[in-house]
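> I have a structure I would like to understand better, so I am pasting it below and will then ask my questions one at a time.
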Amino acid sequence: MVNMRDNESPYEAQMEEPLGRVSILSYGSGHMLNDITSSCWFTYLLVFLTDVGLSPGDAAVVMLSGQLADGFTTIFAGELMDRFGHFKLWHAGGSILVAISFSSVFGSCVPCKLMGTNSSTLETVGYSTFAAIFNVGWAVTQVAHMSMVNCMTSNPSSRVSLVSCRNAFTMVANLSLYGIALLMFTLLQSVSVLVQYRWIAYVSISLGSCFVVIFLVGTKEPGSIQHSTDKNLSRISWAYWFKRVLYYQVALVYTLTRLVTNVSQAFLAFYVIYDLEMPQSSKALIPAIIYVCSLIVSVILQETRWSSWRLKLYFSAGAVLWILSGLGIVLLPSRLHNVMYAISIIIGAANALMTVTSISMEGVLVGEDLNGCAFVYGSLSFVDKVSCGIALYILESYQGTIRSNLVTAFGYSVTRFGLGFVPAACSLLSAIVAYTMDLPDTRRRPLVEPLLA
């Protein structure tokens, strides 16, 4: 019998060898800066901008500019990296942009200092510019880091280990952010809340940058893996996906799921401080509880072997939990604010169920059409980021005329509406769409996709 390995080149044989623990750990640490700044961005940016003096409408413009920049950069970054390679160089450049721009957003208005004026227009332009730069750097770093997996090794077990390690560091990053925030809110009670936010940002950047250095030093620049069989495969046209009803269904479910998680995260700090009148520490405690519960549920789901009916069932269960949570958020009086801790547990479970299953639906959509997976993931990511930016812009803009601690014409504040009703409505609509899907009834391997992709 001929040994098939005799026909392999030394490079192919080396690529099939399992990676060592040091390589896996150093790779996993490479997204820490992105993860910790992203968590801080969605949790505290809008609160910080309004506290610094921007109107809610102007703060919404800053958030929207960042989301639009992120969405468009995601599309082009992958194409450029496929053509020119040098993943570590792209990663390093993106990380530098993230660190500088993030510290500028949470620091002070740089153009205002240079021009010697503090006009609201100049502040909005200044913060929006650095918000866009931050999201460009964030998207470049994300695409470079995720693209390295298939180029570092062709060993299936090592690829799973790389993604799992990245997930583990994502957990560490998010929990670290809320731990830092709790520490700052507790130790710096004598200073202004703006100083507290700035210290949260500076410590987060410092911690994340240390892990970027570990990644750059410990991870080798990968080459490109081109199997001979790949040469016979042609790239799938975009029109192929646009003709499939399932593409639009999955896109709608995934986008609505991201709206649920991102909109609720952005309005959570407003809600616990202004509507429930809870202490400042709750801005760190409640998000931490949500994330811990989400992690526990996601770990349980990692070993699930998915089928079409299980995907629909688990997603619908998460949607129902969010609908119940949204109802509780809308009706919860401030005197019973401690109930929010129980609601946050339900939200964490709902987020995990909806996010994990919606990502799995993307995998079912791609199926064996691997030559078109880049377009699927890229296009859905683009729609997700742009739609979240627009939704946050609309909701936050309304607070320009109706403050979050005042009631609207319907008897509820804009914050309650944004945190409770909007995610609940998106959950209901997404569950209906998921029910109508005709998913291929194939057994999936245990899920290894990142929870917060």
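Glycine is treated like the rest: Cβ placed from N, Cα and C.
What TrEMBL records for this protein is below:
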type: TRANSMEM; residues: 89-107; note: transmembrane segment
type: TRANSMEM; residues: 127-147; note: transmembrane segment
type: TRANSMEM; residues: 168-187; note: transmembrane segment
type: TRANSMEM; residues: 199-218; note: transmembrane segment
type: TRANSMEM; residues: 245-272; note: transmembrane segment
type: TRANSMEM; residues: 284-301; note: transmembrane segment
type: TRANSMEM; residues: 313-333; note: transmembrane segment
type: TRANSMEM; residues: 339-361; note: transmembrane segment
type: TRANSMEM; residues: 373-395; note: transmembrane segment
type: TRANSMEM; residues: 415-435; note: transmembrane segment
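On this model, are these features tucked inside or out on the surface, and what's nearby?
Here the transmembrane segment (89-107) has long-range neighbours at 30, 33-34, 37, 40-41, 45, 48, 62, 77, 81, 127, 130-131, 133-134, 136-145, 197-198, 200-202, 205, 208-209, 212, 215-216, meaning same-chain residues at least 6 beyond its ends whose C-beta is under 8 angstroms from one of its own.
Within its own chain, the transmembrane segment (284-301) is flanked in space by residues 43, 171, 174-175, 178-179, 181-182, 185, 265, 268-269, 272, 314, 340-341, 344-345, 347-349, 351-353, 355-356, 447, 451, which lie at least six positions past its ends and keep a Cβ under 8 Å from the stretch.
Residues 253, 260, 271, 276, 301, 304, 339-340, 343, 346-347, 349-354, 356-358, 361, 412, 416-417, 419-421, 423-425, 427-428, 430-431, 434-435 of the same chain sit 6 or more residues outside the transmembrane segment (313-333) yet have a Cβ under 8 Å from a Cβ within it.
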> Considering only Cβ pairs under 8 Å, which range in 199-218, 245-272, 415-435 makes the most contacts with the transmembrane segment (373-395)?
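Comparing 199-218, 245-272, 415-435 against the transmembrane segment (373-395), the winner is 245-272.
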> When you scan the chain for residues with a C-beta under 8 Å from the transmembrane segment (245-272), skipping those not six or more beyond its ends, what do you find?
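Here the qualifying positions are 42-47, 63, 278, 282-283, 286-287, 290, 315, 322, 329, 337, 340, 347, 351, 354-355, 358-359, 361-362, 364-365, 376, 379-380, 383-384, 387-388, 391-392, 395, 404, 415-416, 418-419, 422-423, 426-427, 429-430, 433-434, 436-439.
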